[in-house]
Amino acid sequence: MNENLENFSTIDLLNELKRRYACLSKPDGRYIFLGAPGSGKGTQSLNLKKSHCYCHLSTGDLLREAAEKKTELGLKIKNIINEGKLVDDQMVLSLVDEKLKTPQCKKGFILDGYPRNVKQAEDLNKLLQKNQTKLDGVFYFNVPDEVLVNRISGRLIHKPSGRIYHKIFNPPKVPFRDDVTNEPLIQREDDNEDVLKKRLTVFKSETSPLISYYKNKNLLINLDATQPANDLEKKISQHIDG
């Protein structure tokens with residue numbers, strides 16, 4: 001038996017098999033989640049990953065992983081992220097391409113935080129064509145700026161799983177502890193009001209044209225992302241499942 005599997009109880013393994021079996025009845029899908037930081041993309045991506053067995057590709061997570069390697073490039077990426085700026089297009093595309101080729105992405109994927117601009121969207125389209133596949137839809141998470149600031153400034157994250165909490169709107173059962181593992185939660189260095197305002201400025205100037213780009217391709221699905229997370233999850237599933 002694989003040593004990794006020995007770390008899990010039989011009940012946990014059976015529940016995981018049951019979840020994956022249920023995914024077989026769900027449609028394959030390739031989607032982009034488009035929205036500003038704090039719009040709810042990450043939470044809904046994890047929900048869809050669990051219910052449909054799609055792989056969740058967050059370029060933010062990919063870049064943070066690179067930043068933590070303490071290499072010269074990693075330190076450069078870390079500084080760029082903390083300043084609220086964007087990383088080189090070609091490097092991000094290479095990271096995405098590498099992940100899309102993994103077995104976890106065979107049933108489908110959710111691109112969270114990529115593409116950020118029309119040039120990246122065109123590069124992604126070429127990459128998907130090369131891999132003989134295409135997008136099924138682009139969900140746009142629409143949230144006013146003032147709501148985004150409130151959400152981000154109180155965000156807490158369980159790094160190993162990606163579970164997201166909020167100090168006020170979705171607090172953990174035990175302060176600063178993950179509900180499932182009881183491991184400590186963190187607040188990202190770039191989750192503060194000053195950095196967020198810079199990120200929102202960048203988002204509006206670089207990313208907003210994507211709304212028109214994908215609308216013209218009849219791929220855009222506009223969501224009111226101020227509604228409760230459970231209601232938003234149902235809306236997304238309705239679009240995907242038909």
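Heads up, the Cβ atoms here are built off N, Cα and C, so glycines get one too.
These come from Swiss-Prot:
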- GLY38, SER39, GLY40, LYS41, GLY42, THR43, ARG155, TYR165, ALA229: ATP binding site (BINDING)
- 58-87: region 'NMP' (REGION)
- THR59, ARG64, LYS85, LEU86, VAL87, GLY113, TYR114, PRO115, ARG116, GLN120, ARG199: AMP binding site (BINDING)
- 154-191: region 'LID' (REGION)
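For VAL87 (AMP binding site), other Cβ atoms within 10 Å of its Cβ number 19. Each residue of the region 'NMP' (58-87) gets a DSSP state, and the totals for helix, strand and coil are 20 helix, 1 strand, 9 coil.
Counted over every protein chain shown, other Cβ atoms within 10 Å are most numerous around GLY38 among the binding-site residues GLY38, GLY40, GLY42. Around the Cβ of ARG155 (ATP binding site), a 10 Å sphere holds 21 further Cβ atoms from the protein chains shown. Checked against GLY38 (ATP binding site) by C-alpha proximity, the binding-site residues THR59, LYS85, VAL87, ARG199 yield ARG199 as the nearest. Spacing of VAL87 (AMP binding site) relative to ARG155 (ATP binding site) is 23 Å (Cα to Cα, whole number).
For ALA229 (ATP binding site), the same-chain residues 6+ apart in sequence whose C-beta sits under 8 angstroms from its C-beta are GLY40, THR43, GLN44, ASN170. Cα separation, LYS85 (AMP binding site) to ARG155 (ATP binding site), rounded: 20 Å.
Here the C-alpha separation of THR59 (AMP binding site) and ARG155 (ATP binding site) works out to 18 Å. Summary: among the binding-site residues (LYS85, ARG116, ARG199), the fewest other C-beta atoms within 10 A of the C-beta are counted at LYS85. Taking the Cα atom of each, GLY42 (ATP binding site) and ARG199 (AMP binding site) are about 16 angstrom apart. Nearest in space to ARG155 (ATP binding site), taking C-alpha to C-alpha distance over the binding-site residues TYR114, ARG116, ARG199, is ARG199.
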